[in-house]
Amino acid sequence: MKEKLYIIKIGGALIDDEELLTQFLEQFSEIQEKKILVHGGGKLATTLADKLGIEQKMINGRRITDKETLDIVTMVYAGGINKNIVEKLQQKKCNAIGFSGADGNLIKAKKREHPEIDFGFVGDITKKSVNRKLVSKLIKLDLIPVFSAITHDRKGNLFNTNADTIASVMAQAMSEKYEVELLYCFDKEGVLEDVDDPESVIRSVTEEDFTVLKEEGKLHKGILPKLENALGAIKNNVEKVFLIKETELKNHIENHHAGTEICL
Ligand SMILES: Nc1ncnc2c1ncn2[C@@H]1O[C@H](COP(=O)(O)OP(=O)(O)O)[C@@H](O)[C@H]1O
Ligand SMILES: CC(=O)N[C@@H](CCC(=O)OP(=O)(O)O)C(=O)O
């Protein structure tokens, strides 16, 4: 039987809230099984870019990343946010170790090619991009890898890669050896029928449901790439995938159901 591995992704809103982040990391540190944390931080990068007067543009949930923006996101994701999370976990006696995809050649990417749009330094990844041998070794040593949204091509380029995609692809790659449960933790209770009504959680979402919800105009902005990545994971042998509220992590781990389950 395969050993259980949690791959947990956190994003912008949580990272911006020091108290909420500390509470979340306390719940994360209590998980007894093997675990990996993947974080974004898009909101903080946008705030810093605004302060520096560097205009930001998102297309299909991806940030157009020119050289100046790449410098910002590298500092923000692989620098400040990553080290802050690692230190908070160390405080909880959780032996976290922070990485970008360039460290140990852990995640290799290819520049995103698009016929009309130049995304700049945006990297696309597949499950072959993940150095799963090294990731396995790290978790066997009882280290807790913490991944930022920075990848590389081993040809001198760093890339900005959507953190939801990194979590999905990491989960797919690690599913060959582990029974992976992928958890997208965010600021809503799950996928909501009505985004303004926290009681309207949809308990399970399939690809068909996704298409219908999209057509009905019930999904906007960040939830779209999140669901695409979540569906990509469940279709590629990841055992379980959920979208849950950040504050529900402990409840989910103990009771095995909070938020929305992504189903085949
Ligand atoms: N139907 C929906 N259910 C839940 N969230 C939704 C829905 N439609 C739009 N959203 C938005 O998607 C957001 C989550 O995406 P995003 O902000 O990118 O998260 P993160 O930064 O954590 O990756 C929610 O905060 C919410 O505003
Ligand atoms: C290419 C691309 O768009 N990368 C994302 C990476 C950060 C991210 O995914 O942050 P959240 O999870 O907080 O949204 C960005 O720069 O916004």
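Glycine is no exception: its Cβ is also placed from the backbone N, Cα and C atoms.
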Of N131, N157, N160, the one that TrEMBL places in the same substrate site as G41, G42, R63 is N160
Tell me, how many other CB atoms lie within 10 A of the CB of G42 (substrate binding site), whichever protein chain they belong to?
23
Please average pLDDT over the domain 'Aspartate/glutamate/uridylate kinase' (4-244) for the predicted structure.
97
Enumerate the residues of the same chain, G41, G42, R63, N160 excluded, that satisfy the criterion Cβ within 8 A of the mean position of the Cβ atoms of the recorded substrate site; list them in sequence order.
G40, A45, T46, T65, V73, V76, Y77, A149, N162, A163
Among K9, G41, N160, the recorded positions whose C-beta sits under 6 Å from ligand 2:
G41, N160
